[in-house]
Amino acid sequence: MAEGLFSANRRIVAGMLVNLFSSICIVFINKWIYVRYGFPNMTLTLVHFVVTWLGLYICQRMDIFAPKSLPIRKIVWLALSFCGFVAFTNLSLQNNSIGTYQLAKAMTTPVIILIQTTYYKKTFSTKIKLTLVPITLGVILNSYYDVRFNVLGTVFATLGVLVTSLYQVWVGAKQHELQVNSMQLLYYQAPLSSAFLLCIIPLFEPLTGDGGIFGPWSLPALVTVLFSGVVAFLVNLSIYFIIGNTSAVTYNMFGHFKFCITLTGGYLLFHDPLSLNQALGILCTLAGILSYTHFKLVEQEEGKSRLAQRP
C-alpha cells in the first residue's frame, strides 16, 4: 500500500513539474508570437486545440490510454468554457503587460473558492478566507499603478478569471461524475472545442491578407506557432491530470509558484515597466499566496492526524 501511495505521489509530482515548465514556457512563447509576428489570437487558440487532440490521438494509438465513449451533451459546457478559458487568457496576455496578466490570474483562487462555497456547499476555514484579502489587494494595487493599464485589457483579464475558475471547477467535477481520467475527458473535449472555435473565428478574424489565418506567414512564425501548440498540449494535459488527482484549488495554489518566475521573465525579456507601488502589490499578493499554502498544508496534516487517531 505504501509503495502504491509513493508511486501515485511520484506521478503527481511529475505532472506538476511538466505543468510548471510548460506553463511558464507557453506564456513567453505566446507573448513572443503576439509581439513579433502579430498572429491572430483565436486562430492560435484553435492551433492549440487541434495539436492537443492530435497529441492525444497519438497517445491513444500507442495504448497510453483507452478512450471511453462519452455523451456529447455532458461535456458541451466544459468544451465552451475551455474555449473561453484559453481565448480570454490569451487576449489578456496580448493586451496587458505580463505582470498584470500574471497577477490577474491570481484572482482565480478567490473566485474558485466563491464558486465552491456558493454552488457546491464546500466549506473553507476563516484563516483560508483571510489569505484572500492580501491576494486581492495586491492584484488591485498592481493593476492601478500599471503604466500600461487599459480598459480592454482589464475586461479580458476579468472574463479570463471568471471563465477559467468555472472551467477548473468543472474539470474536477466532470472527471468524478463521468468516471474518466484526464486523457479520456480531454480526448473528447478538445475536438468539440475546436469545432466551436472554427465556427466563430471567421466572424472576428480575417481569413486572408496580412494578419489573416491564411496570410503570408514566414516559416519561423509557423514553426513557433506549431511549437506553441505542442507546449499547449502539455499544459492542457497536465492541468487535467493535476486537478483530477488533487483539486482545482490545489492546482491554483501550485500555479502561483510559477508566479515569480513568469513575472521576472516578463521584465527581463519584454522590458515591462515596474513601479514601486506595483512591486508592493506583487509582494502583497505573494504574501497571501504563501499564507494560503501554509494554512492549507497545516489543515491537511491535522486532517490526517485525526484520521490516524480514529479506532
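Cβ atoms are placed via backbone N, Cα and C, with glycine included.
Taken from TrEMBL, the feature domain 'Sugar phosphate transporter' applies to 21-292.
The feature transmembrane segment is assigned by TrEMBL to 12-33 (among others).
The transmembrane segment annotation in TrEMBL covers 39-59 (among others). Sequence-distant contacts of the transmembrane segment (39-59) (same chain, at least 6 residues past either end, Cβ-Cβ under 8 Å): 30, 33, 65, 82-83, 86-87, 90-91, 94, 183, 186-187, 190-191, 193-194, 197-198, 200-201, 204-206, 211-213, 217, 221, 225-226, 228-230, 232-233, 236-237.
The transmembrane segment annotation in TrEMBL covers 75-93 (among others).
Residues or ranges marked as transmembrane segment by TrEMBL: 151-173 (among others).
The transmembrane segment annotation in TrEMBL covers 185-204 (among others). Counting residues 6+ beyond its ends, the transmembrane segment (185-204) has Cβ neighbours under 8 Å at 42-43, 45-46, 49-50, 52-53, 56-57, 60, 65, 67, 70, 72, 75-76, 78-80, 82-83, 87, 171, 174-175, 178, 213, 236-237, 240 in the same chain.
Tertiary neighbourhood of the transmembrane segment (219-243): same-chain residues 12, 15-16, 18-19, 22-23, 25-26, 29-30, 32-33, 36-37, 39, 44, 47-48, 50-52, 55-56, 86, 168, 171-172, 175, 182-183, 185-186, 190, 250-251, 254, selected by CB-CB distance under 8 Å and a gap of 6+ residues from either end. TrEMBL lists 219-243 (among others) with the feature transmembrane segment.
According to TrEMBL, the transmembrane segment annotation covers 250-270 (among others).
Per TrEMBL, the feature transmembrane segment maps to 276-295 (among others).
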